[in-house]
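Annotated transmembrane segment per TrEMBL: 20-42, 282-303, 324-353, 373-399, 420-440, 670-691, 719-738, 753-776, in sequence order. For 21-235, the entry in TrEMBL reads domain 'MacB-like periplasmic core'. What TrEMBL records for 285-401, 670-783 is domain 'ABC3 transporter permease C-terminal'.
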Amino acid sequence: MFKNYFKTAIRSLLRNKGYATLNILGLAIGMASTILIILWVINEVSMDRFYSKIDRIYTLNNRDKFSGELWAWNTTPKILGPTVKQELPEIEEMSRASYATFLFSKGETKFVSNGFHVDSSFLKILDFPMLYGNSNTALDAINKVVVTEKFAKKFFGNENPMGKTIKIDSSDIFTISAVLKDLGPNTTFSFDYLLPWTYLTKLNEDDKYWGNNSVKTYILLKPNVDLNSFNSKLKYVTVNHTKSTQYPSTTQVFAYPLSKVYMNSNSVNGQYVAGNAVTVRMFSIIAGLILLIACINFMNLSTARSEKRAKEVGVRKVVGARKYALVLQFMTESIVLSIVSFLIAIILVLVALPFFNTLVGKHLTIPFGNLGFWIYAIVFIIFTGLLAGSYPAFFLSSFSPVKVLKGTFKKQNRAINPRSVLVVAQFTFAIVLIVSTIIIGRQINYVQNRDKGYQQDALAFTWMTGDITKNYPLIRQELLNSNAVISVTKSMSPITTRNSDGWGYSWPGSTKEDDQLDFGRFSADADFSQTLGTKIVQGRDIDIYHYPTDSNAILLNETAVEKMRLKNPIGTLVKNGDDEQWRVVGVVKDFIIESPMEKVGPMLIAGPKSWFGVIHYRLNPSNSTSDNLAKIETVFKKYNPDYPFDYSFVDESYARKFMGIKRTGKLTSLFSGLTIFISCLGLFGLAAYMAEARTKEIGVRKVLGASVGGIATLLSKDFLKLVVISLLVAVPIAWFAMHKWLIGYQYRINVPIWAFFLAGFLSIIIAILTVGFLAIKAARANPTKSLRTE
């Protein structure tokens, strides 16, 4: 029986090649789009979930109120981890991770690489796949280092690196104790090596200050520990250990599942809420809609052909075919079509994957060797076939054989018919995506064109590694003498990165509540405004070379002056919790150092008494960039010979802040275009069939004097009505979705009304172009031939 159904299905498709081509093409594109999104979604939701004990792995987090708002953040004091490990028996293992950058060398081979200082339990908690070594002993000595496979190959090629030595900063020798497989795309960790925490202690960087939130802390809880009960014990650890100190803390501590960190990355009112999960959810919905639209094409074209298949149904019923057998036959046809579409979809995915990977910044592949993939593929094919074929199968099998064979079967003209509803649904989804694409694009342009508060052109920076710190005065002077730069300043971090926060500051007129005012902290030695291109609106810039007392000088930004309620800020003395006193010498116009999608917070820029990590320099515009960089490299190599010269341009670093939202915009544009294309395929097929079905009517109208334009309008207006209805349905849906998306940004546009008119206009134009060609072709046909049509 099934063999017969299969043969009948193949014959039916071959008999109706045009119909089959439209259906297969629409389904294939829909399935390919869905597969691409599913591959990406699977990667996103699997982030940091591959560890064998993931259900017991947690990060330690802080929660406190600043500037009247409750915040949560995932960096902690270095002392927190060992303290809770000692005090709370529910913890099985604990490890901290502190960011590290070192120069590694072996003979003449030298590389600056990034990694972490970690406790010896790190690989017991996070069991990354290991090529060589033992996770229990890999980090149990101060001179051991764990490296990734890619890092090992840089120095040792294809040799087994176990037991071999390597130098750090040309001084300390380490033995390679383990080699990890290169980190996959499903982890948020990024490192080339792991160093023992004891080495950080040796470098005198293992401070015990409860206010220095500079590391991430991971814990492995013992089996069957209740998280709520554990968090109640953990909550006041920081408070209890600082309450008898000069500066007691109000910060609360809580554990949060590592498996949820990537998806719930936003802090709202002290709680982690959906961050990446919003984007994943949005594109999961888009994937479902694209597949549904492709299936709607199938439904519409199948039911539109009902008159052609009516006699077949009638004959089969007369000779004894039951309704369920007819349903099964039509479902078999749709599943056969789904199989063919899936095979074409896989080819499309393979072709599109390199482009798609570039777009999403991943290395996604189709896991052909995974049995689970084929199980899901079969389910996907059957599900798509059933979804696409269910309505046509029941619709076609319901025909009355008596009416069909007498020739009295006619489609009923109803004000609302299922086919119209399906077309409206298709174009509703398409219009929602068009509106979303327009609004996301506008939001991107809005934040990109926002006044940054400083000049990015020809501005670059270099991290202060190796001997740069001790040789900075000489480097600064030679850079200025080289004519390659016009200004130099050193700072705590790049102008594009907020690397430090501070609170607990006091000033004349400050209140107890002001202790919780959170300041972004930056630093400069001299020529801060001249180098970075910021604007001093009151007072002057910090300049230790002309004003020796500027070692304790600070600049405030405009927001800080407003939050501190200072009417005459110049000369104000500001104290911090360490009894250090700073004198305000100038006020700088607000500039963006964090996310361009957020409001600028209060900032203070401290003088040379602060600490530094980066040199900023503005290149001389009179010379070529390559000439400037060659001279700059000569200076750095002279005073820091062991380290390769490295630099970054500020405008490129700033542009990376938009990668996430731009990726969302590009993905939305891509799948909006595909959705519209699939909808147009269905509309084209439906219009073609309607034109064919009304061939005799068209001939009669032409004989009676109807114009080509009049007939084209007659054939097109019903479809245009459906598009207009789709627009009316789509507007509130799109407005609600985009409003919810935009409120995630503090600096944002309002939902523009014109976007809906533009989306409606584009939809109507697309529909006219799709249907109009067929309508005009049918209207221009010879009426003699039309009237001979049976």
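Each Cβ is built from the backbone N, Cα and C atoms, and glycine gets one as well.
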Exercise. Top stretch among 282-303, 324-353, 670-691, 719-738 for CB pairs under 8 A with the transmembrane segment (420-440)?
Worked result: 719-738
Exercise. To the transmembrane segment (324-353), which of 20-42, 282-303, 719-738 is linked by the most Cβ pairs under 8 Å?
Worked result: 20-42
Problem set entry | Tertiary contacts of the transmembrane segment (753-776) (same chain, 6+ residues out, Cβ under 8 Å) | 427, 430-431, 434-435, 438-439, 442, 676, 680, 683-684, 687-688, 691, 708, 711-713, 715-716, 719-720, 723-724, 726-727, 730-731, 734-735
For this session: Residue list, the transmembrane segment (282-303) vs rest of chain: Cβ under 8 Å, 6 or more residues beyond ends.
Result: 19, 22-23, 26-27, 29-31, 33-34, 37-38, 40-41, 330, 334, 337, 384, 387-389, 391-392, 395-396, 418-419, 422-423, 425-426, 429-430, 433, 664, 667-668, 671, 674-675, 678-679, 681-682, 685-686, 689, 741
Problem set entry | Model confidence over the domain 'MacB-like periplasmic core' (21-235) (mean pLDDT, whole number) | 93
